[in-house]
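The active site annotation in Swiss-Prot covers Ser195, His222, Asp318. Taken from Swiss-Prot, the feature compositional bias 'Low complexity' covers 145-161. Marked as domain 'Response regulatory' by Swiss-Prot on the basis of sequence analysis: 4-121. Look at Swiss-Prot and you will find 183-376 tagged as domain 'CheB-type methylesterase'. The 4-aspartylphosphate annotation in Swiss-Prot covers Asp55. According to Swiss-Prot, the feature region 'Disordered' maps to 142-161.
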Amino acid sequence: MAIKVLVVDDSSFFRRRVSEIINSDPRLEVIDVAVNGKEAVEKAKSLKPDVITMDIEMPVMDGISAVREIMKACPTPTLMFSSLTHDGAKATLDALDAGALDFLPKKFEDIARNRDEAVSLLQKRIAEIARKKSFMRRPVLSSQSTSTVESRTATTRTATSALTASPVKAAPAAPIAQRFKATGKKYQLTAIGTSTGGPVALQKILTAIPANYPHPIILVQHMPATFTAAFAARLNNLCKIQVKEAEDGDVLKPGCAYLAPGGLQMMVDGRPGASRLKILDGGERMNYKPCVDVTFGSAAKVYGDKVLSMILTGMGADGREGCRMLKAGGATIWSQDEQSCVVYGMPQAVDKAGLSSESLPLDRIAERMLVEVGLK
């Protein structure tokens, strides 16, 4: 049975273009289109599509407001289309706040080297997020995120809302929650890699990390160049630790998280306790910029067994080879479990390779980190 898709955009050209791409895949079928957010909400309720593709800027009701309404009334996996501008980045992050699962640039040439590759990517994204329909739930205000915002200085920090919805249902609670025990290993660096679903996952984890976290955190999120600065600023507004977009020459400091800039590669250089970040173009050899494999591989060379690493939700297998290098050096590797992933691709690749020592639900990863580093 084909995956039913509702296409929402005020541009007739874009509706037609997206519909043609979707309908060219036998797994997918466009069941209707909507020209604004209000119409999208109505059709989502009546047609119950498996996936919605949603523009952000539309008359009558914008895409962000529409996503909020849809998540309240009939939670549906939603893929946003966004412009690659600073304002577009902020709006896209707001849409993820509201419950959208993923996003793609409206200019397909910005996401692939040729048309066929772009078409395939869009089709794959729709097919992947459709699998999460049965796990969708309504957004719930996160008291943790609220208190975190209040704990930071005012001004613009309070203007940025928390990612209030986890788009997938957490694993069913056991009668008695598992109690974690530290392994006793000593760490000097935490490394996290993620892709699809990563913005929500990273915020969930990082907002629970205290300011006295004992070592630096490096973050690799597959994201366009214009998005990473806005995402780092948003995280910094919400977290007790400092979060910044990484710059060439940054000295790694405890209690600070460094987000790899989009369109570039981030590498760790130096020696433990005196390491810096190198930001490079990296050429076209790698499929991803930033690439988890590149960053994790460099961390393995510098920090060896002193790395606590995690692979979170994401499509593909980026991170597997970097984790292989980390594992060879004695580092610790965890993965996000299948049920809490938006896309169980990157964690699955690590799990199947036998590289992960623990598979954890998203809502307990921060707790596990704090236990492991002796803060809980």
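In case you wondered, yes, glycine gets a Cβ from its N, Cα and C as well.
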Practice task
Take every residue in the domain 'CheB-type methylesterase' (183-376), average their pLDDT values, and give the whole-number result.
Solution key: 96
Fill in the blank from the handout: Within 10 A of the CB of Asp55 (4-aspartylphosphate), the number of other CB atoms across every chain shown is 26
Practice task
Round to the nearest Å and give the CA-to-CA distance linking Asp318 (active site) with His222 (active site).
Solution key: 10
Handout entry: Separation of alpha carbons, Ser195 (active site) and the residue listed as '4-aspartylphosphate' (Å)
Key = 21
Fill in the blank from the handout: CA pair Ser195 (active site) / His222 (active site), Å rounded to integer, equals 5
Practice task
Run through the domain 'Response regulatory' (4-121) and tell me, per DSSP, how many residues are helix, strand and coil.
Solution key: 57 helix, 26 strand, 35 coil
Handout entry: CB within-chain contacts under 8 A for His222 (active site), separation at least 6
Key = Thr194, Ser195, Thr196, Gly198, Tyr288, Pro290, Gly314, Asp318
Handout entry: Cβ atoms near Asp318 (active site) (within 10 Å, other residues, all chains)
Key = 26
Exercise for the section: Within 10 Å of the Cβ of Ser195 (active site), how many other Cβ atoms can you find? Include all protein chains, please. Expected result: 25
